[in-house]
Amino acid sequence: MRALQAEIIAEMGVKPTIDPAEEVERRIQFLIDYAAAANAQGFVLGISGGVDSTLAGRMAQLAVERMGDHANFVGVRLPYGVQLDEEDAQAAMDFVGARTSVTINIRDAVDGMENAYESGLGKQITDFNKGNVKARSRMIAQYAIAGDHGLLVIGTDHGAESVTGFFTKYGDGGADILPLFGLNKRQIRSMLEYMGAPAFLYEKLPTADLLDDKPLQADEAELGLDYDDIDDYLEGREIDEEIAARIEAIWKRSRHKRTTPVSILDDWWRD
Ligand SMILES: Nc1ncnc2c1ncn2[C@@H]1O[C@H](COP(=O)(O)OP(=O)(O)OC[C@H]2O[C@@H]([n+]3cccc(C(=O)O)c3)[C@H](O)[C@@H]2O)[C@@H](O)[C@H]1O
Ligand SMILES: Nc1ncnc2c1ncn2[C@@H]1O[C@H](COP(=O)(O)OP(=O)(O)OP(=O)(O)O)[C@@H](O)[C@H]1O
Ligand SMILES: [Mg+2]
């Protein structure tokens, strides 16, 4: 294995193989134990219809069921206007079975910022940066619910996204607890399958779905990398040298997203 590959795998905590039953149990227990330590009443999580939030959401619901009647899990739909794959999102909500289900449409908030930006700068925000405003608006909505109800915000970051920094800083990257960390994408799918999710949900093509111009754009198209290659890399397998080098370059470029804001006391950025 490449030396840097071993270092990155250690940072991401991904195992070459997992027992889905064991991983589900361990992560539900982590949610329960941390909520107790934080004196929190439960959790809130945006449910998009994608693979990651379906798994994290189902585990959160099972966690609060074990925590007792006082505990709550709020599954929140956060569409921007009308989401193209709303049917999948509703199927995910059904599978997750959250104690409390709510919807906050982020359209007014995002369009409000888009208009304010245009007034302030005299030009339109780009579709790409508006996409990040959508992700950050979802973070704001989840923290509003958490603050009102004594809950923790769940984030869905995991090895296969963290390694490339494929998340919005302080958007979907802004959360309190990460029950999927240490997994790659195929392990997440296998855990959802083990939990009895319908195949069309665990086989669903990953999408950030942040762009007005390209709804449901596949993550793999934007990243220029396949999750299969990222997953293989994180399992310590030999992959094409050029692809491995690209993963390592993007890992290095995105280090600032995996740490607290750089200060004068830090030196990780010097090499
Ligand atoms: N070296 C450095 N040290 C410290 N800070 C640095 C920095 N370089 C940039 N920055 C800061 O970081 C900002 C860029 O980061 P950020 O704002 O996150 O923006 P950026 O990484 O450019 O874009 C976010 C990416 O994540 C993807 N995404 C977002 C949300 C969800 C999902 C999903 O899979 O669902 C995917 C999205 O499609 C896009 O490709 C810069 O504007 C700057 O403020
Ligand atoms: N339309 C949405 N409604 C509610 N939550 C959303 C929405 N879009 C994104 N999110 C939140 O942001 C997180 C990050 O999105 P991301 O696309 O990485 O995960 P996912 O949609 O759950 O799975 P996948 O990566 O397979 O698409 C989601 O897990 C979810 O919590
Ligand atoms: Mg998604």
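Cβ from N, Cα, C; glycine included.
What TrEMBL says about this protein:
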DOMAIN    24-261  domain 'NAD/GMP synthase'
BINDING   GLY46, ILE47, SER48, GLY49, GLY50, VAL51, ASP52, SER53, THR156, LYS185, THR207  ATP binding site
BINDING   ASP52, GLU161  Mg(2+) binding site
BINDING   ARG136, LYS169, ASP176, HIS256, LYS257  deamido-NAD(+) binding site
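Sequence features annotated in TrEMBL and their locations in the structure.
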residue	record	CB count, 10 Å
GLY46	ATP binding site	28
SER48	ATP binding site	25
GLY50	ATP binding site	22
ASP52	ATP binding site	23
THR156	ATP binding site	24
GLU161	Mg(2+) binding site	25
ASP176	deamido-NAD(+) binding site	18
THR207	ATP binding site	21
HIS256	deamido-NAD(+) binding site	13
LYS257	deamido-NAD(+) binding site	16
Of ASP52, LYS169, ASP176, HIS256, binding-site residues neighbouring ligand 2, Cβ under 6 A: ASP52
Farthest-apart CA atoms of ARG136, LYS169, ASP176, HIS256, LYS257, residues recorded for deamido-NAD(+), distance in Å: 18
Close-lying binding-site residues around ligand 3 among SER48, GLY50, LYS169, THR207, where CB distance stays under 6 Å: SER48, GLY50, THR207
Extent of the ATP binding site in Å [max Cα distance among GLY46, ILE47, SER48, GLY49, GLY50, VAL51, ASP52, SER53, THR156, LYS185, THR207]: 18
Fewest other Cβ within 10 angstroms of its own Cβ, chosen from the binding-site residues ARG136, LYS169: LYS169
Of the binding-site residues listed as ARG136, GLU161, LYS169, HIS256, LYS257, the one whose CA lies nearest the CA of GLY50 (ATP binding site): GLU161
LYS257 (deamido-NAD(+) binding site): secondary structure state under DSSP, collapsed to three categories: helix
Cβ under 6 Å from ligand 1: qualifying binding-site residues of SER48, ASP52, ARG136, LYS169, THR207, HIS256: LYS169, HIS256
From binding-site residues SER48, ASP52, THR207, the one whose Cα lies nearest ASP176 (deamido-NAD(+) binding site): ASP52
Among ARG136, GLU161, LYS169, HIS256, LYS257, which are recorded as binding-site residues, the nearest neighbour of THR207 (ATP binding site) by Cα: GLU161
